[in-house]
Every structure is written in C-alpha cells, then in structure tokens.
Amino acid sequence: MSNKKNEDIEMRAVEGANDFGGEKDPFLGRNSPVLRPRGREPTASAYFGKLDNSPGASIIAYCLSSISMTVVNKYVVSGESWNLNFFYLGVQSLVCTIAILLSRQTGLIKNLAPFDSNKAKRWFPVSLLLVSMIYTGANALQYLSVPVYTIFKNLTIIVIAYGEVLWFGGSVTPLMLLSFGLMVLSSVVAAWADIQAAIDGVGHSAETSAALATLNAGYAWMGLNVVCTSSYLLGMRKVIKKMNFKDYDSMFYNNLLTIPVLVVCSLLVEDWSSENLAKNFPIETRNKLMVGMIYSGLAAIFISYCSAWCIRVTSSTTYSMVGALNKLPIAISGLIFFDAPITFGSITAIAVGFVSGLVFAWAKVRQKAQEAGLLPTTKPTMSASAQSNRDANS
C-alpha cells in the first residue's frame with residue numbers, strides 16, 4: 001500500500017534507524033525544560049511540553065499511527081469488487097503532497113526546500129520504483145491477510161541487508177543470519193497455515209480452488225513487492241546522499257512525482273465506467289471509503305512525525321526495537337478487525353516472526369556497538385566489489 005513511510009521504517013531498521021534521511025525531523029526541535037513559578041497550576045503549554053518530551057507518549061503515538069495505516073489500507077482494498085488501486089494510491093499521494101505544502105505554509109515544516117526541476121528529473125527514477133513498490137504492496141494486501149502480509153514483509157529486510165553487502169560495503173553477522181532464518185521459517189509457517197485454513201474452510205471443491213488461486217495471487221504479488229521494495233529503498237539510499245535531501249524533501253518529491261504516473265496508469269488500466277465506480281464505492285460504505293483514502297494519505301505524515309519524535313526523545317536503538325515489537329500488534333490487528341483465520345499455525349507464524357524481528361533489532365544494536373568500538377569485533381566479511389571500492393577510495 002502506500003506504506004511509503006512503513007517501507008522507509010523497514011529501511012531504517014536495517015540501517016540502525018534514521019541513517020539515510022539526514023535530519024531526524026525538520027519541525028521537531030528539542031524543547032527546553034518548561035519552568036513554572038512555584039505554587040501555580042500547570043499551564044497547557046507546560047503540559048504539552050512534558051508530553052512532547054515523553055518517551056512513552058512518542059512510542060504509543062508511533063505504534064498507533066503505524067497500526068492505523070495498515071488497518072485503513074486493508075479496509076479500503078478489501079471490498080468485494082475493488083479494482084482501483086492506482087486511483088487509491090494517487091489520492092494518497094495527492095493528500096500527502098497537499099498536507100506537506102500546508103505544513104510548510106503554516107510553519108510546521110520549516111526547512112522544506114523549494115521545488116527544483118533538475119532535482120525532480122534526477123529523482124524521477126526513484127519515484128517510478130516507488131510506484132512499483134506501493135502498487136505491488138496494495139495488491140498483496142488485497143489478497144493476503146494482514147498477519148501474513150506483515151510476516152512476509154520481513155523478507156524485505158533480508159534482501160536489503162544483502163543489497164547493502166553488495167553495494168554499500170555492509171556486513172551480515174551470525175546473529176543476523178539467525179534472524180533471517182527465523183524470518184524465512186515464519187513465512188513458510190504462515191503460508192502453510194493460510195493454505196490449510198483455506199482448505200478447511202471451504203472443503204475440497206471449486207471453492208477450494210478459488211481460495212487457493214486467491215492466495216497464490218497474493219503470494220506472487222508479495223514476492224514482487226519484496227523485490228520492488230528492496231530496489232526502491234536501496235536506490236533511494238544511493239540517490240538521496242548525492243542530492244542532500246532532508247526527510248521531508250524526499251517525501252515531497254516522492255509524492256509529487258508519483259501523482260502524474262498514478263493518474264495516467266489509472267486512466268489507462270482501470271475501468272472508469274459508472275457501473276464499475278458503483279461497485280467500488282457502494283452507497284452504504286462510500287463515505288467511509290473516502291475518509292479512509294484521505295486518512296491514509298495523512299497517515300504518512302503522522303508516521304514520519306511520530307518516528308522522528310520517538311527517535312528524538314528516546315534513541316535510535318529504542319526506535320529500532322519498537323519497530324520490531326510493533327510487528328506483533330499490527331499482525332494482531334488483522335486478526336481482530338478482518339476475521340483472519342486464528343489457528344495454531346497462524347499464531348506460531350506470528351510468534352516466530354515477532355521473535356525474528358527482535359533478534360534482528362538486537363543484532364543491529366550489537367553491530368553498531370562494534371562499529372563504535374564498544375564491543376570486541378572481528379573484521380566483517382564483505383563482497384569483492386565492496387572491498388575493491390573501499391580499496392580504490394583509500
């Protein structure tokens with residue numbers, strides 16, 4: 001889905017949190033302690049000052065914004081006849097772009113650079129990768145349950161980690177390998193549980209074939225999404241450093257440049273007949289769908305704000321661990337709101353996926369500590385291309 005910000009969070013987890021955007025947050029400055037005269041009642045500004053520097057509040061806000069984004073995306077694309085994903089993603093990008101511009105006008109975002117056509121041309125290939133990522137993600141979420149979708153998203157971390165080894169001189173530690181094994185295991189268990197639930201639910205009949213075909217389509221889209229997401233995040237990391245973009249610069253260009261692409265794709269590929277529009281937006285749910293589409297665009301801003309807030313008042317390590325822990329409530333939200341099958345296999349897959357995220361987050365913490373010289377370390381193994389690049393630059 002436009003899990004644009006969710007995907008950015010995945011990348012930040014791989015890198016150790018907020019390494020590829022530059023600034024932590026353009027409009028979240030560190031507040032000085034609020035002082036009030038003795039004997040007076042606390043003012044509203046004092047209360048909000050405390051809240052703004054509360055680690056617990058920032059963590060809760062980040063988790064709620066991320067969960068709500070996934071739930072709303074799933075709700076919108078779960079219609080029986082839904083087939084307007086390009087249109088939906090275009091609305092998301094439009095809402096997000098308008099929200100960023102309004103935030104700049106009101107002073108909430110203080111350092112968003114003016115639009116530069118030369119930068120836009122250089123950034124456009126990244127935006128095309130973003131379109132492929134969000135479109136394949138939307139289709140995968142349409143066919144798969146939220147828990148399965150969340151579990152399979154972990155596979156993106158593996159691809160990105162090895163992409164970093166090849167192109168950025170990264171390394172993979174034994175603890176990371178353990179987490180990767182757990183991620184693969186959780187995905188296999190989730191797929192097996194999903195298929196068994198489909199067979200048990202409808203029996204061996206034509207309905208079984210239809211249910212399995214739906215799951216197979218979901219897995220195919222999920223596989224494409226893993227490739228597209230990894231390509232987008234690795235490509236963005238490479239380009240963003242050359243262009244010296246801040247967090248909200250990249251978000252602004254991403255959303256602005258994807259709007260024409262998504263609109264053209266929607267007009268060319270999707271059915272805009274009145275009959276199909278009526279199927280996609282039934283009268284009984286039309287208003288809810290429109291609200292959900294608008295909220296999903298705003299949610300990208302909310303997640304970005306809460307991510308930076310969490311990093312500012314806690315640490316990148318805490319943020320990374322919270323991102324891993326947040327996989328569990330996201331998966332559980334799918335069980336609660338969308339009647340996903342609750343079986344021994346599905347619960348096991350969620351548990352293993354949750355543990356794999358924790359192990360990976362801990363592995364990144366240890367790796368950063370080693371790089372900082374806080375732990376004993378050995379020379380990491382890297383690819384020949386990365387080693388040659390390092391030798392050439394030394």
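Note: Cβ is positioned from N, Cα and C throughout, glycine not excepted.
Feature annotations, reproduced from Swiss-Prot:
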type: TOPO_DOM; residues: 1-56; note: topological domain 'Cytoplasmic'
type: TOPO_DOM; residues: 78-81; note: topological domain 'Lumenal'
type: TOPO_DOM; residues: 103-122; note: topological domain 'Cytoplasmic'
type: TOPO_DOM; residues: 146-150; note: topological domain 'Lumenal'
type: TOPO_DOM; residues: 169-174; note: topological domain 'Cytoplasmic'
type: TOPO_DOM; residues: 200-207; note: topological domain 'Lumenal'
type: TOPO_DOM; residues: 229-249; note: topological domain 'Cytoplasmic'
type: TOPO_DOM; residues: 271-288; note: topological domain 'Lumenal'
type: TOPO_DOM; residues: 310-317; note: topological domain 'Cytoplasmic'
type: TOPO_DOM; residues: 363-394; note: topological domain 'Cytoplasmic'
type: TRANSMEM; residues: 57-77; note: transmembrane segment
type: TRANSMEM; residues: 82-102; note: transmembrane segment
type: TRANSMEM; residues: 123-145; note: transmembrane segment
type: TRANSMEM; residues: 151-168; note: transmembrane segment
type: TRANSMEM; residues: 175-199; note: transmembrane segment
type: TRANSMEM; residues: 208-228; note: transmembrane segment
type: TRANSMEM; residues: 250-270; note: transmembrane segment
type: TRANSMEM; residues: 289-309; note: transmembrane segment
type: TRANSMEM; residues: 318-338; note: transmembrane segment
type: TRANSMEM; residues: 342-362; note: transmembrane segment
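Away from its own ends, the transmembrane segment (57-77) comes close to residues 1-3, 5-6, 9, 51, 85, 88, 138, 141-142, 146, 150, 288-289, 292-293, 295-296, 299-300, 302-303, 306-307, 309-310, 312-314, 318-319, 322, 326, 329-330, 333-334, 337-338 of its chain (Cβ-Cβ under 8 Å, at least six residues beyond either end).
Within the same chain, the transmembrane segment (82-102) stays apart from the transmembrane segment (208-228): fewer than three Cβ pairs sit under 8 Å, each pair at least 6 residues apart. With respect to Cβ pairs under 8 Å, the transmembrane segment (250-270) is most closely packed against 123-145, considering the stretches 123-145, 151-168, 289-309. Averaged across the topological domain 'Cytoplasmic' (169-174), pLDDT for the predicted model comes to 84. Simply put, out of 151-168, 208-228, 289-309, 342-362, 342-362 has the most Cβ pairs sitting under 8 Å from the transmembrane segment (175-199).
Residues 70-71, 74, 140, 190-191, 194, 218, 222, 327, 330-335, 337-338, 340, 346, 349-350, 353 of the same chain lie 6+ residues outside the topological domain 'Lumenal' (146-150) yet bring a C-beta within less than 8 angstroms of a C-beta in it. Three or more CB pairs closer than 8 A are found between the transmembrane segment (342-362) and the transmembrane segment (151-168), so contact between the two stretches is assigned (pairs 6 or more residues apart).
Listed by sequence, the residues of this chain that lie at least six past the ends of the topological domain 'Lumenal' (78-81) yet keep a Cβ under 8 A from its Cβ atoms are 142, 276, 279-280, 282, 285, 289, 338.
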